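Undergrad: Straight from TrEMBL, here's the annotation block:
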type     : residues                              : note
DOMAIN   : 85-244                                : domain 'Glycerol-3-phosphate dehydrogenase NAD-dependent N-terminal'
BINDING  : 90, 91, 92, 93, 94, 95, 167, 224, 339 : NAD(+) binding site
BINDING  : 190, 339, 340                         : substrate binding site
DOMAIN   : 264-404                               : domain 'Glycerol-3-phosphate dehydrogenase NAD-dependent C-terminal'
ACT_SITE : 275                                   : active site, proton acceptor
């Protein structure tokens with residue numbers, strides 16, 4: 001008899017009707033899409049309850065704002081005040097956008113761009129426009145361009161490296177005598193060197209002959225044109241030197257650019273390199289009109305493959321879920337401004353790779369990185385079905401249609 005207290009009471013006829021009606025309410029709601037007749041909506045809730053909810057939200061927001069202001073006061077830095085000169089190596093779209101971003105923060109800061117093209121130099125110096133890239137945007141007047149490495153690098157406090165990965169070793173070797181051994185290099189280049197499988201954190205010190213050259217990598221979901229438009233953007237800087245990462249954060253952060261810091265150089269670099277190959281795959285799916293289901297499945301599989309390899313190399317899973325991982329993957333795979341995605345789209349539409357590359361005036365790093373990624377995967381004994389398929393398509397050993405068939409016929413396995 002003691003257990004009877006824990007049993008529900010037998011409903012009376014009235015309560016049976018009420019119970020039955022309430023059991024049917026979810027079914028009615030699901031079928032019609034409308035709330036049941038006697039469901040309580042926000043408008044029906046007591047006024048005091050609505051006020052309480054709004055007060056909780058307001059207090060949470062106010063706490064966030066107070067924390068933000070307090071943090072900024074405690075972490076004020078004189079990095080920008082003490083920086084007199086910044087040099088940008090390379091005059092492509094992203095190098096130009098970063099030059100403009102830094103130059104706009106301090107009118108008396110000298111931002112020197114080291115270029116190969118005399119005509120582009122004259123255009124920047126006389127008309128404040130990069131005539132080759134982002135020519136519709138006027139650049140700050142404190143940006144100067146030169147073809148002289150000694151002039152560009154003399155007295156620089158920070159150096160932004162924006163030369164494509166496959167050309168970086170030879171370029172850096174040619175200017176190494178002008179580089180101060182303590183000059184921090186901020187890498188904007190994403191990819192792997194084809195013959196050595198090296199990332200920029202390995203290429204820069206090796207090419208300069210200085211294993212202790214200060215190094216930072218900047219990455220994250222960011223198109224140059226949106227930086228020029230000063231649209232809200234968030235990126236991450238990673239360095240093994242936390243003070244250096246913090247200094248670069250202060251140098252770059254502005255009202256339109258949020259900069260987070262990280263010590264996971266490997267994770268940021270590998271995610272930045274592999275997402276370009278995945279973007280080609282995403283473009284192929286779009287070009288073949290394979291649908292949204294296929295696109296979602298492919299990108300999810302590609303994210304897993306990037307995680308498998310990157311973590312084997314020592315990357316942190318949290319990095320791969322952050323701005324330089326998931327953030328950059330989403331932007332590069334789903335947005336038409338992506339060069340690598342457009343290469344894939346045209347491949348999926350039936351164009352030949354040589355024709356595509358000859359029609360482009362910028363480098364799609366994923367094309368050259370694909371082969372290096374597969375070699376790296378073999379080194380770490382990791383299977384990468386999607387990224388391997390991209391490499392075989394680029395090598396003209398597999399058609400996009402055949403690649404899709406092969407991938408769909410892989411064994412049905414447990415998700416990992």
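In case you wondered, yes, glycine gets a Cβ from its N, Cα and C as well.
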Undergrad: Please give the average pLDDT for the domain 'Glycerol-3-phosphate dehydrogenase NAD-dependent C-terminal' (264-404) in this predicted model.
TA: 94
Undergrad: Using Cβ atoms only, which residues of the same chain lie under 8 Å from the residue listed as 'active site, proton acceptor' while being at least 6 residues apart in sequence?
TA: 190, 306, 325, 328, 329, 332, 333
Undergrad: Take the mean position of the Cβ atoms of 190, 339, 340, the recorded substrate site. Which other residues of that chain put their Cβ within 8 Å of it?
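TA: Neighbours found: 276, 279, 332, 338, 363, 364, 365, 366.
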Undergrad: Between residue 167 (NAD(+) binding site) and residue 340 (substrate binding site), what is the CA-CA distance rounded to a whole number of Å?
TA: 18
Undergrad: Would you work out the biggest C-alpha to C-alpha distance among 90, 91, 92, 93, 94, 95, 167, 224, 339, the residues that bind NAD(+) according to the record, and give it in angstrom as a whole number?
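TA: The NAD(+)-binding residues span at most 21 Å between Cα atoms.
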Undergrad: Return only the integer: C-alpha distance in Å from residue 340 (substrate binding site) to residue 92 (NAD(+) binding site).
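TA: Between the Cα atoms of residue 340 (substrate binding site) and residue 92 (NAD(+) binding site), the distance comes to 16 Å.
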Undergrad: Select one residue from 94, 167: among these binding-site residues, choose the one with the most other Cβ atoms within 10 Å of its Cβ.
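TA: Highest number of other Cβ atoms within 10 Å: 94.
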Undergrad: In the structure shown, which of the binding-site residues 190, 339 has the fewest Cβ neighbours within 10 Å?
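TA: Among the binding-site residues 190, 339, the lowest count of other Cβ atoms within 10 Å belongs to 339.
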Undergrad: Near residue 92 (NAD(+) binding site), how many other Cβ atoms are within 10 Å of its Cβ?
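TA: The answer is 22 other Cβ atoms.
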